[in-house]
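Here is what Swiss-Prot says about this protein:
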type	residues	note
BINDING	THR41, ARG42, ASP106, ASP107, VAL108, LEU109, TYR110, THR111, GLY112, ARG113, THR114, ARG139, VAL163	substrate binding site
MOTIF	102-114	motif 'PRPP-binding'
Amino acid sequence: MQKQVVVMDEAAIKRALTRVSYEIIERNKGTKNLALVGIKTRGIYLAERLHKRILEIEGIDVPVGDIDITLYRDDLSFKDDKTREPAVHGTNIPFDINGKKVVLVDDVLYTGRTVRAAMDALMDVGRPAQIHLAVLADRGHRELPIRADYVGKNIPTSGNERVEVRLTDVDHSEDAVIINKNE
């Protein structure tokens with residue numbers, strides 16, 4: 001039997017993203033040379049929300065893009081097992097990242113493998129001055145030496161739990177961060 005526990009509702013997510021937006025601005029001493037890059041899929045929508053908050057706070061329209069890490073993963077998935085053709089969705093970074101302070105944005109930080117793949121993909125696009133990481137939820141259990149610079153909420157979990165982020169933009173349900181527990 002699976003039990004679901006909501007650890008962040010829509011209001012908590014909004015507050016966390018507002019706080020993270022302020023932290024990004026403060027740590028970078030403004031928005032000069034700042035860019036946001038969301039990791040497909042939910043990282044894209046979170047990056048867009050951070051972009052909106054930063055625009056509201058600073059009045060500056062920082063560039064925002066998205067990155068597909070499919071070909072950089074060490075657990076590559078395929079759209080067709082017969083042809084072994086990877087399911088690639090494409091990267092959209094419509095600005096020069098060279099010399100920029102890039103904030104990678106993702107929904108959940110777990111093992112660190114997704115972030116490693118995203119950094120590899122980003123370095124193939126250009127050479128940013130800095131790469132920071134913003135996540136909505138950090139659940140621990142790292143396999144690689146990676147940490148988030150900006151965290152919406154730390155959510156300690158056990159190995160048999162899964163953290164799921166639902167966003168109205170992509171999941172067509174209310175915004176929520178849910179822990180799924182196998183019992």
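Just so you know, glycine gets a Cβ as well, placed from its N, Cα and C.
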For the motif 'PRPP-binding' (102-114), the distant same-chain contacts (Cβ-Cβ under 8 Å, at least six residues beyond its ends) come to 24, 34-39, 42-44, 46-47, 50, 67, 69, 73-75, 122, 128, 130-146, 148-151, 163, 165, 167
By the 10 Å Cβ-neighbour count, the most surrounded of the binding-site residues VAL108, VAL163 is VAL163
In which DSSP state, out of helix, strand and coil, do we find VAL108 (substrate binding site)? strand
Where does the mean pLDDT land for the motif 'PRPP-binding' (102-114)? 98
Site with most surrounding Cβ atoms, counting all protein chains shown within 10 Å, from the binding-site residues THR41, THR114: THR114
Which secondary structure state does DSSP assign to THR41 (substrate binding site), in the simple three-class scheme? coil
Max pairwise CA distance, angstrom, over record-listed substrate binders THR41, ARG42, ASP106, ASP107, VAL108, LEU109, TYR110, THR111, GLY112, ARG113, THR114, ARG139, VAL163: 18
Counting across all protein chains present, how many other Cβ atoms fall within 10 Å of the Cβ of TYR110 (substrate binding site)? 19
Name the residues of the same chain, 6+ apart in sequence, whose Cβ is under 8 Å from the Cβ of ASP106 (substrate binding site)? GLY38, ILE39, ARG42, GLY43, LEU46, THR114, VAL115, ALA118, LEU133, ALA134, VAL135, LEU136
